[in-house]
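Read the structure below first, then the notes.
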Amino acid sequence: MIASNDDLQGGVTPSAPVSKPCLSYWQRTTRAFPHLHSNHNTNVPASRQFVIIGSGISGALVAFELTESGIKGEDVVIIEAREAASGASSRNAGHVRPDAFRGFQHYSSLHGPEQALKIIANERLVLQKVDEFVRQHDIHCDFKLSTTFDSYQAEEARIRTRVKGALAAYEWPAGSSHPAKLAQWLLNAAIERSVTLFTHCPVSKVSEGTEALWEIHTARGIISTSNVIHCTNAYASLLLPELSSHLTPNRAQAHSLIAPGGFSGANTLSNTFSLRYGLSHFYSLIQRQNDGTFILGVSRTNPTLSTETLRGIVTFDDREFNEETLEDALKQWNILFPDKDQSISGTGIHGEGLDHAWTGIIDGPQPLPQENEELEDAPLLSPEVPEHDGQTANESTSVSKSLPVIVLYFMAIHFLLAFCELILVAPLIKLFENSLCLSHYNFPQNGINEELCKIPEIQVPLATIRGWKSMFDTIPVLLVTIPTGRLGDRYGRRKIMALALFGVVGSLSEVFVVCAFPKEFSLKLVWLSSIVLLCGGGLNSASSYMWAMASESIPTSKRSHGFYYIFSAFYVAEMVASFVASVTTDISPWIPCSLSMASALLCLLLLAIMPNSQNPEEETLLSSSSHTSNSSSSAKTSALTRLIQTASHPNTIFTLPIFLVGILRYTTLNILIQYAHVRFKLKISTGATFYTETAIVNIFLFLFLIPQVTAYIREKYKVRPQTIDLFLVRMSVSLMCVGALAIGLAPSGKLLPVGVALFASGFGSRVSALSLISYWIPASSKATIYAAITVFESLGHAIGDPSMQQTFAAALKLDAEFWLALPFFVAAGCYFLASVSASFIRVDGDEGKGDRED
């Protein structure tokens, strides 16, 4: 391996750029730039207000922005040692590629987690600003906004990247450009505003002059200035010796390749790549969209290169390229792209393959701490290519192999959570009705005929008690869910989910005791069970913590599909619970109640034995959260800031109504059971089968149809997951609107299943919205923000449930049978408004491909 920067820096004397450097691909294609050798024989003026040293993108942009701010161009000078924009700006590999996560631990070790997150966020902001700047000024620099692959689980990685040996791939927004054209446009714009450019005029020294001025010593005179701006990259230590210990010149090498047939025409690659064997061993790749040329870069600390070549990297000499590095690059191409039509050697077509090789000098980074390399330097390409540091492909693929197991665990947990809730709906109605009925008829010894319980004197208080209990159950959610979620982000989401489950067990126990002894306890005492839910927030809170755990465990590219499968377990639970409830409730409502309690206890057991499931993409960010939590004040401020930023995101605002009206789906179904019982004289146990119907519809949709169709669309038409999620959100709320109307307008019980089928087809609105909103949720606050969504939904429950129940109670008092369906017409109106809100959600811009890593 290469020696440390400190070891090598001593042997490299700070230097100005060497004369007669090699030309890059970018320079070879821009030789007609009229200012390439501007003022190459002209002496510099005696003074100027601003002197910029370096004419690359940074120097040219400074000059441009100075003139944009009102500074006269005549007061600005740019001094360049060689031809215009001859340094790294015109010698790189053409990437405009922000760091999404890899640099976090290194930045964190230097500056702390909070600042590290800001650095990564700033890199992404730079990409956004470049895109805006190029479009605003119509700059013809071949800039293309796309996505980049750094490293999908195995099979999808090979399909998406077309790299045969890929084991995994992370994808996020990035771009590519013709960097020399961008730098030259900036220079030309500055010169048109009277800025003067002096080329072939190296600066040898910057010294303090008189009257608080600086003196810039050049090959063609001394120029005085009150403002000197250094834009010299690795060469800065020559003029600023105090930076010598922080700067190490590194000679980077890149190559242009003429695309073979397999990557030409319609087969041109639209993404950029970093093909990694490890943190320090990778190959950068872009394919230019206008002419199809590949630009292939090589990592400077490539462990497969000889020690002599690695030591030769630390230099200021960019006059030539290294043959061994070139050979390694061509060899790795044929390993990574082994198909015959992708080969760049032996194609038999003159002109295909290697076109050009060049080098450029940049400042090399300080060595990463060893522990960071151990965490991050995992191979992302198959063992058919050289490994290093003793790592194996099995280590790097452990997460991908365990992913199906993790998803199965979450499916089981979600099944138990849903089963615990859904199996109680019908038996609790019967227990509540039985308690009220016995009380109304003064507890007759021989029992009561069920038909005698259908009178308004019993059904009205039944609807009222159920409605208020639902509202009271939401109060603990409002009070404790977000604080508990924050605790989960800091100390572990599994722990706070277990806490919520213990609260559920206690709450169920209180309800069962009240119902078991109706003579001793008034049914209204079931409202006290809500107090027990202050322990964790209840089932809804437990579900939000589960979704946060799932979100952190499933890679971004797989999240939509993972969410579909996990949520399909909810539908399986609906089918099973409704069937079991319909069979057992008439026998004894205590049978399904006992099964509900057992499912909560089993969920606790499953949670205890579930393996660790943290996604490596988020591990760094979550660890930063725990570090930040050492300062309680800053942690609380940071959490509040993230919550406010996410809540104020325009797409979040337009998505919130989806969550708000989504809670009405089960309130509507709950009312439907009583509605069908009263209006069409269907048994309560028969009404419970509506849950079976909704489950069958959604199991088919989300376990089979939607994952397959969306996977095909993503691969065939390169549609982003969030675009598909948005379509599903809009379609879902529209279907629920139509379905609610169909239920309300059904003239007989036989037609209710048609409306229920339409209504059930839209039940995916919440899971699609959860997946969609995750693209702009900070990764380190998943539990907090998912909990906030639950709180928002609970507010909807607190208002919507009693309102809908009271609406139905009022409809029961009306003489007209038609108006018994009033709650369904109200629900349809709410879904219509949500459809309008969903139409304003936009994912056309750069919303992020995985989670926002702020």
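Including glycine, each Cβ sits where the backbone N, Cα and C put it.
Summarising the annotation, TrEMBL assigns domain 'FAD dependent oxidoreductase' to 50-369. The feature transmembrane segment is assigned by TrEMBL to 406-429, 496-519, 525-550, 562-581, 587-609, 652-676, 688-706, 727-746, 752-776, 820-841.
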Local confidence of the domain 'FAD dependent oxidoreductase' (50-369) - pLDDT mean: 86
Highest-contact recorded stretch vs the transmembrane segment (688-706), from 406-429, 562-581, 587-609, 652-676, 752-776, CB pairs under 8 Å: 562-581
Contacting positions for the transmembrane segment (496-519) when only residues 6+ beyond its ends and CB under 8 Å are counted: 420, 428, 431-432, 434-435, 438-439, 443, 476, 484-485, 487-488, 525-526, 528-530, 532-539, 541-542, 545-546, 549, 593, 596-597, 600-601, 603-604, 607-608, 783
Interface check, the transmembrane segment (406-429) with the transmembrane segment (652-676), three or more C-beta pairs under 8 A: yes
Contact check, the transmembrane segment (652-676) vs the transmembrane segment (727-746), 3+ Cβ pairs under 8 Å, seq sep 6+: yes
Contact set, same chain, for the transmembrane segment (562-581): CB under 8 Å, 6 or more residues outside the stretch: 407, 410-412, 414-419, 422-423, 425-427, 550, 554, 592, 595, 685, 688-692, 694-696, 698-699, 702-703, 706-707, 763-764, 766-767, 770-771
